[in-house]
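Peer 1: Sharing the features that TrEMBL gives for it:
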DOMAIN    174-317  domain 'EamA'
REGION    323-360  region 'Disordered'
TRANSMEM  12-29  transmembrane segment
TRANSMEM  41-62  transmembrane segment
TRANSMEM  74-93  transmembrane segment
TRANSMEM  128-146  transmembrane segment
TRANSMEM  173-193  transmembrane segment
TRANSMEM  205-225  transmembrane segment
TRANSMEM  245-266  transmembrane segment
Amino acid sequence: MAPNDPPPAWKVAGVVGFYMAVALVMVMTNKWVLSTSSLPLTFLLLQLSTSVLLLHLLPLCYNYVPPRWTRPTILAVLPVSIVNVVGLMFNIYCLKLVDASYFQVARGLTLPMTVVLQALMNGMRPSGWTIGACGLVMWGFTYSFLPIPGLSPTPTVDIYGVMEDTRRMEAPMAGMMLGVASAAMVAVHAILVKQALKKVEGHTLDLAYWQNALSALVLIPGIIFSGEIGDFIDMVIGKEGDGRAFIIGSGVTGVVGFLICLAGLLSIKVTSPVTHMFSSAMRSVLQTMLGVYLFGDILNASRIMSIVLIIIGSCLYTWNQSRGSLPKSPVQEDRKRLLTGQEKTSYNYAADPEKGERKD
């Protein structure tokens with residue numbers, strides 16, 4: 001197969017299925033452990049430590065060498081690592097408070113916040129399609145608790161003649177606020193990660209190593225001040241909590257977190273934005289169904305509408321972005337030159353080499 005030929009369908013399906021599977025296992029295992037323990041920071045530390053350990057073992061089966069610890073590199077990637085660990089903390093506390101099926105809604109403002117932040121950084125106004133997509137996502141986020149006249153369910157009367165408002169908070173306010181904070185950190189992280197990649201010469205595995213290692217170190221003071229060390233010792237010796245489930249869950253999510261890193265790299269190289277759009281939508285549906293089946297989450301019309309609106313908005317944004325990034329054909333280029341009076345130049349059929357591709 002030539003370098004520019006599209007990958008075969010079986011390879012695309014395999015990568016998409018692998019990414020969806022590990023992402024779903026990550027969310028569901030996290031929810032399972034968090035619902036049976038009260039040590040979210042310790043749980044997160046064990047996850048990150050497991051991922052760092054696996055990255056050190058990766059050279060046994062892959063041509064990868066973990067980066068050296070140097071002061072300039074640490075200072076260069078420290079900002080993105082701090083934002084990463086703060087976002088992870090908001091994320092895990094949010095998942096602890098809200099249902100697994102509603103987790104994607106609680107973090108639904110990730111796309112609008114990322115678009116707004118990028119617009120402020122670049123000084124460019126988003127397109128109408130982008131604004132419309134973000135509007136749908138924001139509507140999905142607020143649908144469960146912010147009534148819109150003519151578009152939202154109206155109060156009903158129960159059998160006793162009492163007015164009953166069908167709109168209610170589908171999750172604790174604290175969980176929703178943590179979801180908003182997590183979305184904000186994801187938006188900031190998306191900006192900082194581009195700068196951090198330049199500092200590590202575009203090596204995504206190196207950046208993943210630094211983020212996991214430094215995030216684990218940053219978590220240690222938080223665990224000490226939160227008092228989780230004593231609770232962890234009590235759980236290990238069997239005084240309280242399910243220590244076995246906690247350790248198993250930490251190991252599983254640590255391995256899955258490492259696999260998500262690899263799956264993300266494969267997804268970038270093999271799949272297209274449109275494929276990623278449909279796989280994300282399918283993952284959202286499966287996550288909702290698993291939340292209902294495994295944890296007994298309530299799935300009502302309000303929740304379904306919120307999830308559908310966020311999926312449609314996200315898909316619309318991804319479709320519009322992929323449409324704008326498609327290369328123009330030679331015929332389109334020649335037509336443009338004829339209309340503008342430009343001289344015809346040779347068309348370069350070779351795609352630009354992928355930037356940031358790891359050579360080792």
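Including glycine, each Cβ sits where the backbone N, Cα and C put it.
Heads up, TrEMBL stuff is auto-annotated, nobody curated it.
How about a rundown of where these features are and what they're close to?
Peer 2: Proximity of distant same-chain residues to the transmembrane segment (12-29), defined by a Cβ-Cβ separation under 8 Å and at least 6 residues beyond the stretch ends, is recorded for 95, 100, 103, 249, 252-253, 256-257, 259-260, 263-264, 266-267, 270-271, 275, 279, 282-283, 286-287, 290-291, 294.
Distant neighbours of the transmembrane segment (173-193): 79-80, 83-84, 86-87, 90-91, 93-94, 96-98, 103, 105-110, 113-114, 116-118, 121, 145, 207; these residues of the same chain sit at least 6 beyond its ends, with a Cβ under 8 Å from one of its Cβ atoms.
Proximity of distant same-chain residues to the transmembrane segment (245-266), defined by a Cβ-Cβ separation under 8 Å and at least 6 residues beyond the stretch ends, is recorded for 15, 18-19, 22-23, 25-26, 29-30, 32-33, 36-37, 39, 43, 46-51, 53-55, 204-205, 208, 212, 235.
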Peer 1: Average the pLDDT scores across the domain 'EamA' (174-317) and report the rounded value.
Peer 2: 84
